[in-house]
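Visitor: In case it's useful when we look at the structure, here is the feature table from Swiss-Prot:
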- ARG9, GLY10, MET11, VAL12, THR36, SER37, GLN72, SER164, GLY165, PRO192, GLN350: NADP(+) binding site (BINDING)
- ARG101, LYS243: phosphate binding site (BINDING)
- CYS134: active site, acyl-thioester intermediate (ACT_SITE)
- CYS134: S-cysteinyl cysteine (MOD_RES)
- GLN161, GLU240, ARG267: substrate binding site (BINDING)
- HIS274: active site, proton acceptor (ACT_SITE)
Amino acid sequence: MRVGLVGWRGMVGSVLMQRMVEERDFDLIEPVFFSTSQIGVPAPNFGKDAGMLHDAFDIESLKQLDAVITCQGGSYTEKVYPALRQAGWKGYWIDAASTLRMDKEAIITLDPVNLKQILHGIHHGTKTFVGGNCTVSLMLMALGGLYERGLVEWMSAMTYQAASGAGAQNMRELISQMGVINDAVSSELANPASSILDIDKKVAETMRSGSFPTDNFGVPLAGSLIPWIDVKRDNGQSKEEWKAGVEANKILGLQDSPVPIDGTCVRIGAMRCHSQALTIKLKQNIPLDEIEEMIATHNDWVKVIPNERDITARELTPAKVTGTLSVPVGRLRKMAMGDDFLNAFTVGDQLLWGAAEPLRRTLRIILAEK
């Protein structure tokens, strides 16, 4: 299968390439690399020679492919996808961008949760597969065991989202902000006799100063947070909050009888792991040990963390999870509102299960089925 790769140099694309090398995906395909800026230079070698870089906007070149995997972003998809389909191309389009997620012709792909839907689509002519919103995918990886049994009446998700979700430049800016804050009070920190209130005042002054680096976030994130992600919708939700309900229900195949999902999406100073505090209204009172068993056995990556302080502090954090495929779930307990209310907290890497991993796994599924 000739597979075109677009956006492979960006942050998500780089993680995708790393995972495809680790899983030897390149052994199974003929890779064709595309670029929007460096056409004609040698393509990267991920275990086999791929010739030269091709023009990512050349419809005739793209038409020669059996599949395209793109991490190039929404504007690329908006320009190229309709033109390619209108030109008669009938290959598989596998996309990280949000542009096509809610299109009827597209399946939001997360195979540990909706493999049956993916296989049905492949066997019935679906050719467009799109990775889901990062928080949605990570939430479903964590709680798939409850959703597949139809046990969730509604859910509220309060998110703690990493800088990586906003892009590579935002990650750099977060680190720069941390450095500027440290530099502003480094001499005071080195002096044990200095007043922490004086240090705190200086930190606040630094964060509020006009020279503080905020070109990307617009406001300080280090030492602070931003309780808004993406644009505003008419009902007062942010678009990120809207995605939780519509995308999760599409992945679960529940558009006709959706589970209400809503909450507040917040950007915090983590690098690349999103965390979520979840309030789950169950349809019935289920013993906690049974809930834990359902969650833990749903897929190979979810991990139930006992609701104890020390192991939670060690295992249920971005620092522990970053760079791994593990999706730990903890703080599992019944709530004061009633025994049919469940509290949970989960963490996952935004660039792996939140972005790159579903794309490469979709390619492997297509290869296996075809």
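Cβ atoms are placed via backbone N, Cα and C, with glycine included.
Could you place these features in context, so I can see how deep they sit and what lies close by?
Guide: Long-range neighbours of GLN350 (NADP(+) binding site) (same chain, six or more residues apart, CB within less than 8 Å of its CB): CYS134, LEU138, GLN161, ALA162, SER164, GLY165, ARG272, CYS273, HIS274.
A sphere of 10 angstroms centred on the C-beta of LYS243 (phosphate binding site) encloses 23 other C-beta atoms.
For the recorded site, CYS134 (active site, acyl-thioester intermediate), the DSSP three-state label reads helix.
Counted within 10 Å of its Cβ, the other Cβ atoms near GLN161 (substrate binding site) come to 24, all protein chains included.
There are 28 other Cβ atoms within 10 Å of the Cβ belonging to HIS274 (active site, proton acceptor).
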Visitor: Using all protein chains shown, find which of the binding-site residues ARG101, ARG267 scores highest when you count other CB atoms within 10 A of its CB.
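Guide: Top count of Cβ atoms within 10 Å goes to ARG267.
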Visitor: Let me know the DSSP-derived helix, strand or coil state of LYS243 (phosphate binding site), please.
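Guide: Note: LYS243 (phosphate binding site) is helical by DSSP.
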Visitor: Name them in sequence order: residues not among GLN161, GLU240, ARG267 whose Cβ is within 8 Å of the mean position of the Cβ atoms defining the substrate site.
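Guide: Neighbours within 8 Å of the Cβ centroid, excluding GLN161, GLU240, ARG267: THR135, THR159, GLY165, ALA166, ILE226, TRP228, ILE229, ASP230, CYS265, VAL266, HIS274.
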Visitor: Sort the binding-site residues MET11, THR36, GLN72, ARG101 by C-alpha distance from GLU240 (substrate binding site) and give me just the closest.
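Guide: Among MET11, THR36, GLN72, ARG101, ARG101.
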